[in-house]
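Undergrad: As annotated in TrEMBL:
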DOMAIN    2-77  domain 'Lipoyl-binding'
DISULFID  Cys164-Cys169  disulfide bond
BINDING   Lys173, Gly237, Thr266, Gly267, Ser268, Asp436, Met442, Leu443, Ala444, His445  FAD binding site
BINDING   Gly303, Gly304, Gly305, Val306, Ile307, Gly308, Leu309, Glu310, Glu326, Gly395  NAD(+) binding site
ACT_SITE  His568  active site, proton acceptor
Amino acid sequence: MTIELKVPALGESITEATIGQWSKKVGEAVKKDEVLVSLETDKVAVEVNAPAAGVLARIDAKAGDTVTIGQVIGAIDESGTAAVSAPSAAPVPVAPAPVVAAPLPQPAPAPAAAPAVAAVSGDDAFDLVIIGGGPGGYTSAVRAGQLGFKTAIIEKRGTLGGTCLNVGCIPSKALLHASELYEEAQHGLGKFGVKVSGVELDLDAMMAHKSKVVGELTKGVEFLMKKNKVTYIVGTGRFTGPETIEVSLNAGGTRTIKAARTLIATGSDVSTLPGIKIDEKTVVSSTGAIALPKVPKSLIVIGGGVIGLELGSVWSRLGSKVTVIEFLDRITPNMDGEVSKNFQRLLAKQGFEFLLSTKVTGVTPTKKGATVTFEPVAGGEAKSLEADVVLVSVGRRAYTDGLNLAAAGVEAGPRGFITVDSHYRTNVPHIYAVGDVIGGLMLAHKAEEEGVAAVEIMAGQHGHVNYDAIPGVIYTMPEVANVGRTEEELTAAGIAYKTGKFPFTANARAKANAQTEGFVKIIADATTDRILGAHIIGADAGNMIAEIATAIEFGGAAEDLARTPHAHPTEMEAVREAALGVDGRIRQM
Ligand SMILES: Cc1cc2nc3c(=O)[nH]c(=O)nc-3n(C[C@H](O)[C@H](O)[C@H](O)COP(=O)(O)OP(=O)(O)OC[C@H]3O[C@@H](n4cnc5c(N)ncnc54)[C@H](O)[C@@H]3O)c2cc1C
């Protein structure tokens, strides 16, 4: 008997959907409940499962086609046998017991993209091969191990943890904290009645602390791989076909492995400007800037984004004169305008100099350091400035060098970012990609969320990332944190909103700590009161934003935060006050 596959009802306002990749070819055997194809709309993505076991008899709508609700998109022949004997897919990973008592689909669905490769057997064949051991890759590996996938992770760096642990988040934060303590010890303790004299900088010891933290954390990730039975292959991976990867082992020689599924998590690398050569000594990227052997008297930072301002802060606190040159008319251009303006003012108070709307035209090494030439973006007189060190922090690019994507048939977009669908699938259905290499927010926790979602989707579960709830933090002093939308974005989208704002000057704990710079701003929908965004500038903004991200994840309203008891005295009370402010009910000011 032939059973037609129809587009199911997808919600009240949804009339059509786009067909994703089919996981089976016509003639292949299908199991009951197996995911056959995904349907995507701008609101939801759903999977069409096989209503019965049999053979996929025909496909009426191919990937990319727009279909309407109720339209027939294919059929299953219940009595049929596979026209071409289907290659056995990798074993379906066993889903672990759910943490919450949610009903498990019965039977557990097969992996969404059953790959056309031989059953996994032998030391060199895996259910899942992950290329790249950064936050996207290693977190995916942990989840895959938990779900019972036979998993391998390939990393060429020699240590796990990727950009984040080795040359990004962690070393920069170790230096930010250490330099903040140095600054405090020099200038910040007197007002508390703590007299300190003879404060000295031991840069080597500061760097040793950074390296120790990095070493311990990267080893910790290695332990996590062992704990989750993930095979760690130290070397550089490159596709030799859609299911085969050759690894040039760091120890010498090569190893070819077979992958039922592959997850590309090769991250990003620093970008530079045309004609500017980074030598990591005088003209440095962030990687060189976290390892300078001595404090430069002067530092020019090209690019007023997060990384430049964080690392500029480190060296400014340690004694450098820092000048930031930014092409746009404001620093941190994607941030809420009010926060960005205040942030610039506070950094200027700390000694930063800013040249905005200014275009760098060249960097020339000199005996002393390097000369940067620049001119106004709007046109005008060209000028130059010399500094001991120049930090180029103009963004990062997707890193797929040497991966040989062509051999796998994987397509990348115009700027090199790998294109994926809402299930993190590339154009090759059993090859997925997550993290910096697919673009979007270049944040470690974003890469982690995507990795977990991708692996859960591979296991037939419903992994999902709520991009509206992903916070971003700049770890300067004060810190800057945001989640959700900015006022500018909402205005552009024509969404009516209300704001509530509370300054730390009126917060008791901030006053006691003498950390009164900044404010909390909460933005809520004008009609529903649902929280749409939040922006904080303040000493502990990075931790504080988590409460609001949680509220957003739960679809919370400003009133929910306003009615949640907050311990007194804490800086967190400023969040509640800002939430009260959305409704004009601030109590502490
Ligand atoms: C200075 C700095 C500070 C940062 N601070 C923060 C922060 O505070 N918070 C935050 O959230 N984010 C921060 N980031 C961003 C964060 O580091 C990245 O978003 C994150 O590391 C991306 O993770 P990923 O797994 O996608 O890629 P990556 O971490 O870049 O990992 C990719 C890995 O793949 C490996 N690789 C690439 N190609 C191959 C191959 N062919 N074979 C084998 N291995 C390969 C690379 O060696 C690398 O280790 C910072 C970045 C920098 C540079």
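From the backbone N, Cα and C atoms, a Cβ is placed for every residue, glycine too.
A TrEMBL annotation is a machine prediction, not a hand-curated record.
The shown structure was predicted, so the numbers you read here are calculated from the model rather than taken from an experiment.
Describe the structural context of these features.
TA: For the domain 'Lipoyl-binding' (2-77), the predicted model reports an average pLDDT of 77.
Its Cβ placed at the centre, Cys169 (disulfide bond) has 21 other Cβ atoms within 10 Å.
Under the DSSP three-state reduction, Thr266 (FAD binding site) is assigned to coil, being neither helix nor strand.
According to its DSSP assignment, Ile307 (NAD(+) binding site) is helical. Around Ile307 (NAD(+) binding site), the C-beta neighbours below 8 angstroms that are at least 6 residues distant in the chain are Ser172, Ser286, Ser393.
For His568 (active site, proton acceptor), applying a Cβ distance below 8 Å and a minimum sequence separation of six or more within one chain yields Ala508.
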Undergrad: On a C-alpha basis, identify the one among Gly303, Gly305, Leu309 that is nearest to Lys173 (FAD binding site); the candidates are the binding-site residues.
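TA: It is Leu309, whose Cα lies nearest.
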Undergrad: Which are the residues of the chain, Gly303, Gly304, Gly305, Val306, Ile307, Gly308, Leu309, Glu310, Glu326, Gly395 excluded, whose CB is within 8 A of where the CB atoms of the NAD(+) site average out, their centroid?
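TA: Counting only non-site residues, the set is Val301, Gly312, Val324, Ile331, Thr332, Ser393.
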Undergrad: Provide, as an integer number of angstrom, the distance between the C-alpha atoms of Thr266 (FAD binding site) and Leu309 (NAD(+) binding site).
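TA: Cα of Thr266 (FAD binding site) to Cα of Leu309 (NAD(+) binding site) measures 25 Å after rounding.
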Undergrad: Give me the count of other Cβ atoms within 10 A of the Cβ belonging to Gly303 (NAD(+) binding site).
TA: 23
Undergrad: Looking only at C-alpha atoms, tell me how far Cys169 (disulfide bond) is from Ser268 (FAD binding site), rounded to the nearest Å.
TA: 14
